[in-house]
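Undergrad: What Swiss-Prot lists as signal peptide is 1-27. Residues or ranges marked as topological domain 'Extracellular' in Swiss-Prot (evidence: a curator's inference): 28-748, 753-946. What Swiss-Prot lists as transmembrane segment is 947-967, and the listing cites sequence analysis. Positions annotated as ATP binding site by Swiss-Prot: Ser1023, Lys1047, Glu1094, Leu1095, Met1096, Ala1097, His1098, Gly1099, Asp1100, Arg1153, Asn1154, Asp1167. The ubiquitin cross-link annotation in Swiss-Prot covers Lys1069, and the record cites similarity to another entry as its basis.
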Amino acid sequence: MGFGRGCETTAVPLLVAVAALLVGTAGHLYPGEVCPGMDIRNNLTRLHELENCSVIEGHLQILLMFKTRPEDFRDLSFPKLIMITDYLLLFRVYGLESLKDLFPNLTVIRGSRLFFNYALVIFEMVHLKELGLYNLMNITRGSVRIEKNNELCYLATIDWSRILDSVEDNYIVLNKDDNEECGDVCPGTAKGKTNCPATVINGQFVERCWTHSHCQKVCPTICKSHGCTAEGLCCHKECLGNCSEPDDPTKCVACRNFYLDGQCVETCPPPYYHFQDWRCVNFSFCQDLHFKCRNSRKPGCHQYVIHNNKCIPECPSGYTMNSSNLMCTPCLGPCPKVCQILEGEKTIDSVTSAQELRGCTVINGSLIINIRGGNNLAAELEANLGLIEEISGFLKIRRSYALVSLSFFRKLHLIRGETLEIGNYSFYALDNQNLRQLWDWSKHNLTITQGKLFFHYNPKLCLSEIHKMEEVSGTKGRQERNDIALKTNGDQASCENELLKFSFIRTSFDKILLRWEPYWPPDFRDLLGFMLFYKEAPYQNVTEFDGQDACGSNSWTVVDIDPPQRSNDPKSQTPSHPGWLMRGLKPWTQYAIFVKTLVTFSDERRTYGAKSDIIYVQTDATNPSVPLDPISVSNSSSQIILKWKPPSDPNGNITHYLVYWERQAEDSELFELDYCLKGLKLPSRTWSPPFESDDSQKHNQSEYDDSASECCSCPKTDSQILKELEESSFRKTFEDYLHNVVFVPRPSRKRRSLEEVGNVTATTLTLPDFPNVSSTIVPTSQEEHRPFEKVVNKESLVISGLRHFTGYRIELQACNQDSPDERCSVAAYVSARTMPEAKADDIVGPVTHEIFENNVVHLMWQEPKEPNGLIVLYEVSYRRYGDEELHLCVSRKHFALERGCRLRGLSPGNYSVRVRATSLAGNGSWTEPTYFYVTDYLDVPSNIAKIIIGPLIFVFLFSVVIGSIYLFLRKRQPDGPMGPLYASSNPEYLSASDVFPSSVYVPDEWEVPREKITLLRELGQGSFGMVYEGNAKDIIKGEAETRVAVKTVNESASLRERIEFLNEASVMKGFTCHHVVRLLGVVSKGQPTLVVMELMAHGDLKSHLRSLRPDAENNPGRPPPTLQEMIQMTAEIADGMAYLNAKKFVHRDLAARNCMVAHDFTVKIGDFGMTRDIYETDYYRKGGKGLLPVRWMSPESLKDGVFTASSDMWSFGVVLWEITSLAEQPYQGLSNEQVLKFVMDGGYLDPPDNCPERLTDLMRMCWQFNPKMRPTFLEIVNLLKDDLHPSFPEVSFFYSEENKAPESEELEMEFEDMENVPLDRSSHCQREEAGGREGGSSLSIKRTYDEHIPYTHMNGGKKNGRVLTLPRSNPS
């Protein structure tokens, strides 16, 4: 286990102990290990190394896995991984669909080292559907690059500004999300709930989530980037990401600055040092890294030093290390590194000893090179000794059998000779068996100030090389006769070489065939063979001994070749030419090549040999790499402009490009889904705007001549140019990755004529089969999807003759030879969609209609012949003269069944209708209005009507006059014989007493003899009189005596009040729901009139809640309700209201005061009016009208006097607020007039302090401004059913047989009764599919306001269902 980027692959074994020490002190902050950076590619084997990692100190790259499948990742999860210190890169990992299970707890990416300025890179992940990093809270440094992921969604739902400090440099393009094809649905959205936090980006208030099941965690703004707990409490300022407890530096998930001994700190205190920008280490830790790396022979690790309170890999520029304390000290002027040889001379006998002089520029002393073996010696010696410029003493090369050349001293230019070897030698070379070259004297200068040269027993070093050194170094004439041995230097080398000449050279893209002239020494048996040397040489400046040593390290590739067979025929004059076929070469690459002989050595005669000059040969061209950066855009409805850049590896001279294109069919899912339903986002497709460049202006010149002459593109700024350079560098890096994979070029195709492109004409798309449907839609033929091809000699192409608003798949190949056997690259793919046709979505012809009985109108129209993509729905707009315009959504499937739409339940009158289609490109034009007249299906012939209409008009006028007189007298005598007028909380519950005050109550089976009722004690004052607790005999079957509540009427009550009292009791005779207070009987004979009700032992809910306050005087000793108890209350009230809703009753006055609490604490809907006098302050008289509970009323009820089940749902939300606040006054601090204005302007209550999030979400659902967006009471129960008491299913309406609706549930109503009924403005076109009746003119009110979801894509607003951003109340 290594630490630090520099040691991630080379010093791993050295640092296991250090890592173990760190893990031992990690505490609970990091439960696993600190692992080095990882590069995981090709397969999943190394991925298991992440199993125990909490921190990756370095980067994590997962890439190039082409055989993996989704099931391979299903059991892989690394929940311990919390932080990556550098960057995370994913590239071409097949089968990986989400990271939510792979890295479920990844919280921080620090970005200490970036990948081209990016800390998170997701590139060409072909199967990735979502990121899923739902615990990712901070990317401390760097940006995000997410590019070319064709299936990746849930990008628009991520608020990156909550994760990064700046989002300006993020590069998120060419993903599926860009095309608006993603139906991103955050948790709860499909069920109408708002579970995820919403934030504002670019003026849009959007929910934030990572997946359909994981919200993005958004901490309060005050927490900044410190993170917060699950409850939303801010973490300590030193935390990063999240924490388990607030304001505690030991409970952080990760540290903002540095980690030390189980807690987060701002800086490392002495004696600790900063390490890798995230943790603190002591001096011993840094020292161990330094010496273990220095003693290691493995390259790449760093000898860590101390600088500015940091443990860093090496001293910065301008500093040098003090070896005594590992501190970096500044240089004076340029920073030479003078190395003092303490004993006067230093022997270099290994790479390790050479590393001690790494970075030295001046040697104060002498060097002795005595290296007999080692790996990669030439490179290692050059890395460690290559900076030496000056030696003050002497240089001695002795018995260094591994050396071939001294070129590793590449900067040595001065040997002072202040200290000389015995015999006054400043350069000494003895017994170096393989030394063949000193330096390349054409490029190297060396001065020896004093002293002589000594050369003995260097058998392969020619004397000519030694004499050249004498001339260059200025030592010629200093040497004596025995200083340079004439017989032991060069005696085994071919110093008197003949020149070999190549006689034949032939090349291919990966081979070179060579032949050269034959060579034979005087004794042909001395020739052992030939040695062929070659290497890549971009430039023709190569020398023979570059990078060579005698231990095998050699920058040249060497091939041993046997000598040719020598003919035994002495007359033969044509000896065969030796040669070699070089294989495995790179195409279109220049190679340096030379050949020399290998001969035996003889003491008895001179050694002969031969060697060629270095020649340069280039291999042939072959298939190029893929073209770079293909971009496709559309500039019209029939054209696509394609641009690209040349391939990075042309492997020859690019001669032309091949472009193939093929029309793509639309997703089959689009044909099947009903986009009028709730939760389905309307699909759309987009096309890219044309290029804003000179070329594109040329393409569009005929179409945009005026604009082109007036506008020109602005010059790019330096920052834009820098950005493009960075992006280009990024793309080239990934091109290197592509070369790790062997691509197979496309099989050659038969060329097609370009004229065939003209046959790609606009056609309609295929419609899936619907039963009993006669469709005029023409199926798309296979011929129309055939591919087309064009040869292009430049780096752009305009493809014409395409179908409007249609997707095309385009393949692009680069070729570097124009011949029958083309050399072309693997294809680069790009997709594009043509622009829409302006009138293609317009409906052809007029809208026709047919009127049936029962006020049913069948509308019919023709589908657009060639729409933009395909039609997904139709919008029908109709209105009756004098009324508002109504809109109806007709799905594609519904239109296919009906060839139009049926309007049902229309009121008599003149109507106008118009229709428009919505395609993938948007809305078409409205048709011309069609007019029709709907008559009353009860109309009689006109001659009879004339006889009837006259008397009716007379009766109507007479009624108006009588009514006016009656109202006048009432105003003059408000306390007349009828008594004062009380506003009923539920006018629907009244009989005709308001219209016929003389009506009389008729006793029925509910009548109870007065003698069976015994009054015990007073319970409280009701709206009509006192309410008592009593006993009733034989009132419930099987019970001899029952405790009951008895309501009475005051003796002074008027006749109207007594009738209203009995009629309210009559209404309750029809209620048999466990969660509605039950009527047990009526005593109407005699005085006073009694109504016997089920006894609710704990009174009304408002009083009960207030009694549970800890400081309440009447507290019965019970604690405040728990969350479970509040959910139980909520469900019981919702179940009772659902029952009333099913009975077609609107409550109008739902509040805690009108809910009652039974002896077992079951909450039930109260007896509709009992509490009016008791809580009179909760009501408000508006404009001289009746008393109104304005603090519980919905906006539409306050504004228009409209009361529906949806307005009851608003009141239900206020009841939830009362439950969670223990019955505080809603909008406390605001007057009734202020509340009325506040609510009508879109305001609603803030949740109470410490309100459970689940109940807060329910409240906000109830307080949607648009009534149609509020849930139903049945939906509320359905949301809570899993958390209710086991007895709930046995007694509730929700689980009862009565809740199972019949096939059609409609209600006959008079037109005058429609005022208080929630009308379905969408008509019944869609309802017909659900089994509604076709006949009859009755008006259905069965939850149409909930089931028909408004289509928010059509000019949203309050009237069609957009959820608006509402102002929040601030009662305080």
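Positions of Cβ are set from backbone N, Cα and C atoms, glycine also.
These numbers come from a predicted model, not from an experiment.
Please go over these features one by one and say how buried each is and what sits next to it.
TA: For the topological domain 'Extracellular' (28-748), the model gives a mean pLDDT of 83.
Counted within 10 Å of its Cβ, the other Cβ atoms near His1098 (ATP binding site) come to 17, all protein chains included.
In three-state terms derived from DSSP, Lys1069 (ubiquitin cross-link) belongs to neither a helical nor a strand segment and is classed as coil. Sequence-distant contacts of Lys1069 (ubiquitin cross-link), defined by Cβ-Cβ distance under 8 angstroms and a gap of at least six in the same chain, are Trp1006, Leu1079.
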Undergrad: At a 10 Å cut-off from the C-beta of Asp1100 (ATP binding site), count the other C-beta atoms across all protein chains.
TA: 23
Undergrad: In which DSSP state, out of helix, strand and coil, do we find Asn1154 (ATP binding site)?
TA: helix
Undergrad: Counting other Cβ atoms within 10 Å, pick out the least crowded of the binding-site residues Glu1094, Met1096, Asn1154.
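TA: Each of the binding-site residues Glu1094, Met1096, Asn1154 was scored; lowest Cβ tally within 10 Å is Glu1094.
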